[in-house]
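Here is the structure we will look at.
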Amino acid sequence: GIPCGESCVWIPCISSALGCSCKNKVCYRN
């Protein structure tokens, strides 16, 4: 539930390496 400051509209979350995932076109962690 914490925004990672990254969007995932066109590309996947680069921050997925830090445990972030795409939700509603924004990358979140927990």
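Here the Cβ of each residue, glycine as well, is placed from N, Cα and C on the backbone.
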- [ ] Regarding the disulphide bond with Cys4, report which of Cys20, Cys22 Swiss-Prot records as its partner.
- [x] Cys20
Task: CB contacts for Cys8 (disulfide bond) [other CB atoms within 10 A, all chains] - done: 20
- [ ] Report the same-chain neighbours of Cys4 (disulfide bond): residues 6+ apart in sequence with Cβ closer than 8 Å to its Cβ, ordered by sequence.
- [x] Cys13, Ser15, Leu18, Cys20, Val26, Cys27, Tyr28, Arg29
TODO: Would you mind checking how many other C-beta atoms are within 10 angstroms of the C-beta on Cys27 (disulfide bond)?
DONE: 21
